[in-house]
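If you check TrEMBL, you get these features:
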| type | residues | note |
| --- | --- | --- |
| TRANSMEM | B:6-23 | transmembrane segment |
| TRANSMEM | B:30-49 | transmembrane segment |
| TRANSMEM | B:55-77 | transmembrane segment |
| TRANSMEM | B:84-103 | transmembrane segment |
| TRANSMEM | B:123-141 | transmembrane segment |
| TRANSMEM | B:170-190 | transmembrane segment |
| TRANSMEM | B:196-213 | transmembrane segment |
| TRANSMEM | B:220-236 | transmembrane segment |
| TRANSMEM | B:242-263 | transmembrane segment |
Amino acid sequence: MTKPLLEIQNLSKNFSGLDVIRDVTFHVNEGERMALIGPNGAGKTTMFNLITGVYPVSQGSIRMAGEDITTASDRSRAQRGIIRTFQNIRLMPHLTAAENVMLGQTCHSHGIWSWLAPVGLQSSRSRKEADHALEVSGLLEYRDMLTYDLPYGVQKRIELARALSAKPKLILLDEPAAGLNPSETDDLAQQLLDISASGVTLLTVEHDMHFVRRLSQRVIVLNFGSLIAEGTAAEVQNDQHVLEAYLGSDRKLEEEVAT
Amino acid sequence: MSGYLSGVLVAYLLNLIIAYAVFLPGAGGILNLGVAGFVAIGAYASAWLSNEMEWPLAVTILLSMGVSALIGLAISFPILRTRGVYMVLATIAFGEVVVGLLINVEAIGGAAGYPVFEFIDLPVIALCTLAVVLFVVWLMSTRFGLALRAIHDDEPVAALFGVSVRGVRVAAFTIGAAIAGLGGALYGHHYAYVDVIYFTTLVSIYTLLYVLIGGVQTPWGPIVGAAVFSLLPELFRGATEWRYVFFAAVIILIMAVRPEGIITRALLLRLKRRGTIAAPTKEAAQ
């Protein structure tokens, strides 16, 4: 259980002179549920974009299951089992729910026949797998609907179903509970615990601390691109640096009151 | 069938084949405004192979498709590096270069045009069109088609789920070039004469226009789009000089009312759902 799955070593990202990620080192163990928190603009989504290969890194290295993937393509990282969801839902609007889920299977589609067999047919294996995935998530009724006019909560669940159909080793969840009501958030937390129990490693960016406490075994905190704290949810919540990052330092407050 | 009717039908079928050549890359978000270049390559290649080599038509047509596909493959790499309006300009430039080269080759008639001796009539063209329609419908239902449509919607996310964006786009462009080559070969053998003035950028623009009017979301779009473009002017024939004014007005109206094309996914799914309501399924009855 303690074998590291994802290792981030001295990672930096610089956008035309602006340091967005500064010398960050952390790792996620196999099967672990870890959360990445921090104030707005701390670099959390940028970190996800670096891990998934959307942006090239400026410095440092990323290893997945012991292999260096620092310069690997986004596609090959997906094939190695790194799959993500998005802060702003990014389902394919002109594909149905079932087709979006089938897209998730693509990273395991090798060989010419898996590309040239009709996946659109109800009887195809891909389609049956997608229907099953939707059924498990309670989304079967939406399978033949285009995703753009579905309710927000449903779209979020389809996005998660798409990610799962890629059979990931590591899922990066970018604010999975944002915009959900308390009961939906509760269902989501339970679903993520079930996913974790099936052996998938989770790295979650989330603002809802109640959700983070329930879901995560370990939390890391980013502020202005630097890692400022690491520990259990309770530990980081009482950490002086974290409190300062979220609320501002006492001294600053006093100064503001004085002026 | 009257000569007029079969003439209109042949024009429609040839337009439809060329429409699929534009549709396939178009379904992946690639705007090809150089399709006339590939049509010209197919037309001249098959005409020359048939006139000079005297090979059977089936062979010359297949070879002309192959030549068009190879050239499509070669130019797809630089063209697909460009984006948006630059891609449109690059494909236009390609079409112009093809015409510019062909007009200077004396062996195929140069500016005087090139007569084609072997004749192909309506039934063969109809069969070829049917084959193209079935092929594209099948291709769009495969994982390849799914990936192509995903690229159209959100390229970075498609890549994050394992789609080889470059590979799929190159394949779509190349297969499109082969289909355009087929359209060109049939064109030359039916009208018994090819001339570069038939393969101008205007042809590419019209084709892209009617593909977009039909809709690139489903493989049924081009059938409707090509029909609008090939058949509407015939219906307005009675209006003599006002014919193209009416035609243009209808086109503008269609684009205003159906900006995503006449045939969209949403439309087909709505029709399908209405069909299932009319004939209740077991689930619905419960």
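One-based numbering along the chain as shown.
The backbone N, Cα and C atoms fix where each Cβ goes, and this holds for glycine too.
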Criterion met for the transmembrane segment (B:84-103) and the transmembrane segment (B:30-49) (at least three Cβ pairs under 8 Å): yes
Long-range neighbours of the transmembrane segment (B:242-263), counting only residues six or more past its ends (CB under 8 A): 209, 212-218, 220-221, 224-225, 228, 232-233, 236
Surrounding residues of the transmembrane segment (B:123-141) on its own chain - C-beta under 8 Å, 6+ positions past either end: 9-10, 13-14, 16-17, 20, 23-24, 27, 148-149, 175, 179, 182, 186, 190, 218-220, 223
